[in-house]
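Q: The following feature annotations were taken from TrEMBL:
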- A:1-26: region 'Disordered' (REGION)
- A:151-172: transmembrane segment (TRANSMEM)
- A:179-204: transmembrane segment (TRANSMEM)
- A:216-237: transmembrane segment (TRANSMEM)
- A:242-261: transmembrane segment (TRANSMEM)
- A:284-303: transmembrane segment (TRANSMEM)
Amino acid sequence: LTLQHHKLQPPNSKPRARAAPPTADSVLFDDTSSAAPAMNSQGYYTPGYNMAGPSNNMQGGAGPDLFADPMANAAMMYGSSLANQGKDMVNKEISRFMSVNKLKYFFAVDTRYVLKKLMILMFPYTHQDWEVRYHRDTPLTPRQDVNAPDLYIPTMAFITYILLAGMALGIQKRFSPEVLGLCASTALVWVIIEVLVMLLSLYLLTVHSDLSTFDLIAYSGYKYVGMIFTVLCGLLFGSDGYYVALAWSSCALMFFIVRSLKMKILPSLSPDSMVTGSSAKPQFRLYITVATAVFQPIIIYWLTSHLVR
Amino acid sequence: MELKSFYMAFTLYSLIQTAILCTNAIAVLHEERFLSKFGWGVDHGVGGFGDDPGIKAQILTLIRSVRTVMRVPLIIVNSACIVLLLLFG
């Protein structure tokens, strides 16, 4: 059972094409970065070094057949071993701060999951089962469970939003490269603020949920899909279309957030859990969920209104 | 750079500044001289064992842990900030 990662285009237009690394692995936690350069070198073999176009210079280690000179050969082998050492060291350092395996769980998506998730984000009213399924105490990967949070959609949506913002500003002739960077960092800062406030409130009210930091980042990042839809409608249909799309995506996103977080934050409705629940009254948990949901439309309006006059 | 007047443009630098200022603010809350006057001292925090502690205990634990953990890094970061601001304005 091999799953192929396609070059994935989200339904929203993205002016920049990105090549997905070809992988043949279907196992989740395998490191495919070492397999990719080998496949690249076979696919992009060029005959001579002098006749290479600019694309060849980016290939890096394109196989020892290229160099007739043995000294250059040896130097390249040495360089690649140094690079490998550096890569191992960087991996070791990074894995001290965050678990890379846990991060890989969030990026284990496929086309079907992305499409279904985008549809749920835009129209969550018909989705029945919101429970995140588990498999022997570990949550299922997004490939197998459509309710699992992932970080692929938020990341792609964030980048698409930045590009869309640049395009919207360019249409209004207000574009400059600094504004683009400012837009990007502002959106990023708002996400960070929201995640920190959520973490703080969950800690203070001693809500023992299994929401990790990455889960919260994922749920915060889902609003970018709504933002992209809103900005697109605003650009296409003028300011009426903007407000209609804002209302629609706000309601959909609020519904989605409340239903998703309700499972994780609010206590389950079994008779004994009400007795052993936290000393914080269950209404505080409800307040957190509702406050998070209400915050989404506010931030969508805040971050997109300046793009659509 | 023309932006709307109420559009708060955040840069990453302002985020770092905010983080440093907030952490400084939490770290200067002294136990004996200040917090005890409000009934938020050392002896008031630890209340509930077994069950989950309330909000006040959590906040006090947070303040104490920020003070303990971030004391040395804050000294370093603040000194670096002072030197940088003196040099580059």
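Glycine residues also receive a Cβ, built from the backbone N, Cα and C atoms like all the rest.
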Q: For the transmembrane segment (A:179-204) and the transmembrane segment (A:242-261), decide whether they are in contact, meaning at least 3 CB pairs lie under 8 A, counting pairs 6 or more apart in sequence.
A: no
Q: Give residue numbers and ranges for long-range contacts of the transmembrane segment (A:216-237): same chain, 6 or more residues beyond its ends, CB-CB under 8 A.
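A: Distant contacts of the transmembrane segment (A:216-237): 12-13, 106, 118, 121-122, 149-151, 153-155, 157-158, 160-161, 164-165, 167-168, 171, 187, 191, 194-195, 198-199, 244-246, 248-250, 252-253, 256-257, 260-261, 292, 296, 299-300, 303-304, 307-308.
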